[in-house]
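Annotated features, as they stand in TrEMBL:
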SIGNAL    A:1-20  signal peptide
DOMAIN    A:27-261  domain 'Ribophorin II N-terminal'
DOMAIN    A:269-367  domain 'Ribophorin II second'
DOMAIN    A:375-501  domain 'Ribophorin II third'
DOMAIN    A:528-626  domain 'Ribophorin II C-terminal'
TRANSMEM  A:542-563  transmembrane segment
TRANSMEM  A:575-594  transmembrane segment
TRANSMEM  A:600-619  transmembrane segment
């Protein structure tokens, strides 16, 4: 079980180590200068004097006229205020030869402030003032007061001030519990994207925490419980802001930078390439600046390339090659290993001090070279290959003397090689274009020249096949070769020759129009649906008459059969029925011409019900008559039979 | 052969003239009228064209519908069929005929366009 634990821990640490962070944000020399400028502003009161003087002293700079500042401090000192005493005492300690007069009252005031009833800030100020003024203090009392204050005021700033205070106390005091607060505070930091680590209270709190944690750790000589990645994330957070809102913020950044560049445990290393990380034959040295967070060069460091491999082929070029220090810059002659042009992945290690943090850096280095064109051969080949090709060799940068003629029966061909100027190794740059430019019309056609398996570039122009690109415009075209790549120092634009292309004249457009893509297009005329062809009116009328003619026939037949209206009784129901029926027929006609279904149904309901009632009455009467007639006829028949 | 056909036809016509009641003969005349109208409409469609098709359809359906309704009326009125239609008096048959025609003409006029 224990072995398994150990093994997994080992694996985990290895994994973590290979994925170690490197600072993404750091102060450059201009940023440090700006920080100094902010802190060097003329001070208006004691507080700003404290920030300026102490801040600058942390950056290793001393105020110009110390006496003037000392006088200023003394004149602005308010001996009855602990805060004022704190600022004055700290500032005067940073200045050389500046004394603050101390009275017994001052001392008593400061000692009285050290109690559980004062805030952590007050305790911090009084303890700092006492130690700066060289007055004795009882460390154990301070420790107990601090512990009480920490439990009462649980905010981040109070605990940071407690840490700062503890670093001023005697080493014999029991600072163990206060030391544990560093770990608790570290747990409160917010991890932003794995890159930043900061308090939600802001940059100032984070920076003050760093300086307090390291000053206390240095004081008790115990490594702070901060992992390397956490230290780097803190560096990113603190040094990501390059202009500071207030003097106190600038002061906090300066103290953090000072503590990170000079403490006993963790010193983050900043590695940056001087200029672009590129080497070439003219600039064979890869130069690196290796500094601490305050941009001060680490002279005790030794820089080593652990491995350098080509990005494309993953083949290793260098292994364990040291950098040499020259004028504060570490350099390595990479071209001495004769790398081919391209990109290389460098893994650099900075050793020399066990305190170094983020001392493994990955760099991408570009090796540039100059390209030369060899064996540029131009030829015109007949398609049926009955006539052998004539090749003309052209040397860069001259132009071929004679122009080449190619019509639809011939192909124009071009072959060349691209090599590294110094080593003669074949190159395949990203851009190898052949451009044909018609000087008369301004037309330009660009083709790509492709390398074959032996890295020999070939370009063939089939006149007949490519006539659409040229719009079949015959004429003299200037042929250019364009070669370019990120790793080439000398991109090439070379007018190789003139080519006269002949296309079939019938296909050439009459006027050469510039390819206009953004002109209004021709208007589309909408074609509406044609109405169907109707037959002539004569035919329609004739057939209408024909269709209506059987009605006449019907009337004639009925007349012949003896239809009559002799039985027509003029009872109201009969009349009403006939009127209603006629009205319904009329309604049908009106429906055809004017109405819709709903209106018709409405009228039909009214007329129909009337007609129905009248008709019902009428038919009932008829039925009665009929039955009576039948009965009487039956009776007559019966009687006649008897 | 044709002789027997001719004699059958003349016999039929004679029978028809003598034994069919007048009312039925009137309905038969009406049926002939409807038939001819339908035929002439169909003739127009075949000769001239189907434009407008909906009008042709409505006219033709009107003829067909009217023919059917008239045939129904004839069957129901015929005294020889009295035993099959005990509940339906001739007046009732006529009233049904009128009502059905109303519905038919409503649909026909809707479709004729």
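Cβ atoms here come from the backbone N, Cα and C positions, even for glycine.
Broken down with DSSP, the domain 'Ribophorin II C-terminal' (A:528-626) shows 77 helix, 0 strand, 22 coil.
With helix defined as DSSP H, G or I and strand as E or B, the domain 'Ribophorin II third' (A:375-501) counts 4 helix, 70 strand, 53 coil.
Looking just at the domain 'Ribophorin II second' (A:269-367), the mean pLDDT is 86.
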